[in-house]
Each structure stands twice: as C-alpha cells, then as structure tokens.
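Engineer: Found this in Swiss-Prot, in case it helps:
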BINDING   R48, R54  NADP(+) binding site
BINDING   R125, S126, S127, N238, A239, A278, K293, P294, T295, S296, S297, R319  FMN binding site
Amino acid sequence: MAGNSIGQLFKVSTFGESHGVALGGVVDGTPAGLEITEADLQIDLDRRKPGQSRYTTQRREDDQIKILSGVFEGKTTGTSIGLLIENTDQRSKDYGKIKDVFRPGHGDYTYWHKYGLRDYRGGGRSSARETAIRVAAGSIAKKYLKQFHGIEIKACLSQLGPIKADVFDWNEVENNLFFFPDVSKLEALDEYMRGLKKQGDSVGAKVKVVASNVPVGLGEPVFDRLDAELAHSLMSINAVKGVEIGDGFDVIEQKGSEHRDELTPNGFTSNHAGGVLAGISTGQDIIASIALKPTSSITIPGNSINTENEAVEMITKGRHDPCVGIRAVPIAEAMMAITLMDHLLRQRGQNPHVHHEHGPIPGSV
C-alpha cells in the first residue's frame, strides 16, 4: 500500500490499524545528538489521546510510546527511530454488524472498491487512530526545531460549529479541554456539545496552527512550495476538507492594496500571506487553518448500501468523537513540524552558503 510516508530528508512512515495489535512508525533523518526520551513524546500524545473528556471518544487508550531504535543514552544516533504504540482497548464486537455494510461518509466504500476488501473494525487503516504515531514523530521535530532554531509551533481550536473565537489568548489554550483560545466562549461550547450529544449528532470544526521564528528561505519552488507542502501534510489528516494559508479564502474580497504585505527596513507591515511568498518562507509567522468535517459516526439513522448493493438503514455504534476537531490540535502541530523540519534540512543541504550583508528584515514592524 503506497502513501504511508511523508517527507524527503526528514521522512516519517507509519503502519497499523485501529483495532490491530499496535501502531508503529519509522522516523528517518533526525540529526544525531538530539536529547529525546519517551517522556518527551508522551506529552503531546497525552494531549491527543482518547477518553480524556465527555466530548471525545470514550475509547480508553493510554497511548504509551515505545522508542525501539535510533536513540542511545538519551540522544538520537542519526539512524532510523522506531516507534511503537500498543492498542489496548479495542472493542471489535461493536463493528461486527457492519462488516458487509458501508458507513456513509467513511472510507468503507472506497477502501472496499480499491482493495477488494477492508478491515471493518473501527475503520482499519483509515481511522484517525493512525495519527498517534504522527504526533510522536512530530514531537521529535518540534523539539529539534525549538532547541536548535528557536522555532515554536502552536495550534488551537478556533471554531467549533457556529461558535468562533473572537479573542486569541494562547495562554488559555492548554487550560481547557477544547484547546480554545477564547475563555468567554467556553460555557457556550460546553452547552452546545451537551445538546449535540443528546441529539446523537456531530459537528465540524476549524483548527489554527502557527509556527513562529521560522527563517527566511524554506520551500522548494515550484512543485514543493512550502505552502503546497503544508497543504499536503495538513490535508492528509483524517476528516480535513479544507486548508487555508494566511488569509486563505478571505483574499477573494480583498484588494491588492490591502492584501500585499508591504516591506520596510524595520519589518513587514502585515502578514496576509501567512508567512509564505512564492512558496518560500518570509521569516514571518507561518499561519494555516484547517477545516474538519463532522464525523459520520452518529446514532441518527441514515441510508446506505451493503456489499450486495442492497439498501440498508445505518446506525453507527461504537465509541466516537462528536467533534474530531478537538483532538486534531496536536495532530496539526505535528504535521506542521514534520513539514518544516523536512524543509529546514533541505534548505541546509542545498543553500548553506547563502548569506546577505544586511540579513532578513524582522517578521513584523
């Protein structure tokens, strides 16, 4: 099965299914000498893991990471880093009745037609459970980027259903179970989600991810432009149906005089482009947003077909997230980190000699 790896010089490959024995991955390209422990990776995994609130799936997985290789005496060796997370709370019996039925809005129908068979237990390979290894790999990239280059990556839930953040207080993001930056909306979020659970329905969300202190020059025009690669990596996250860089689709209503990010000796005057021009980082904050669809795993009856092309009524059972966007926050950070790490190594490999007398201007005035 192709499509299990991302990156060139910093390459992440994953394997495993939702109800399989374990999830695993291999991370290639990490420079030697980075101090890393399982506890370092566990921090982000704990932010992502299921069962932490009544608004995420109640599947209980500890997501305990094991480093199998590539680390010796607490430091990376420069060789492949092997990662493993055992699955401990599978309830495959929840899915026995749908082994011949296609859940609408899921990959059951497409996987079956592509491969001639499918793992119906929790979605198999198409389950968002696969992203646990991405988060672990992203933690390696995040630590390297911050320690050696001062690059910091953060994300938040900026919208859940109709409720939007009007204030972005990043200090509050880790203080609530929604990863929401506007504390004035927390009560409304709680009330909305309680109503949603009573209805047996789900809702979509928007996640914002920001990378700060990114150097000028990352990105490989024309097909590996940094924004194109970010869109690729973020779009690969389960349930993502849209990616915006900078102002995104708001640029439709902007005029050129408004949108252009003017330059001064003291820095850029704005950042409508989201930190990328012509596919190359500008040194400003890189800003991206992703739109996640509402999960189709809901208890409201719906229409579908089975493998015999017969009409059936579908009611999804099992343990599911009423809003997948909540746990997507650390996943978005991980994919941003993996992409920036790869392009940082690529720039260092191709253009280490490029230096300008005056250096880059600040990211903002």
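Numbering starts at 1 and runs along the chain as displayed.
Cβ atoms are placed via backbone N, Cα and C, with glycine included.
Fair warning: this is a prediction, and the values are worked out from it, not measured in the lab.
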Engineer: Given a 10 Å Cβ-Cβ cut-off, pick out the one of the binding-site residues R48, R125, K293 that has the most other Cβ atoms nearby.
Structural biologist: R48
Engineer: In Å, rounded, how far does the Cα of R48 (NADP(+) binding site) sit from the Cα of S127 (FMN binding site)?
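Structural biologist: Their Cα atoms are separated by 14 Å.
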Engineer: In the structure shown, with every protein chain counted, which of the binding-site residues S127, T295 has the densest set of Cβ atoms within 10 angstroms of its Cβ?
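Structural biologist: Of S127, T295, the one with the most crowded Cβ is T295.
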Engineer: Provide the number of Cβ atoms within 10 Å of the Cβ of A239 (FMN binding site), excluding the reference atom itself.
Structural biologist: 20
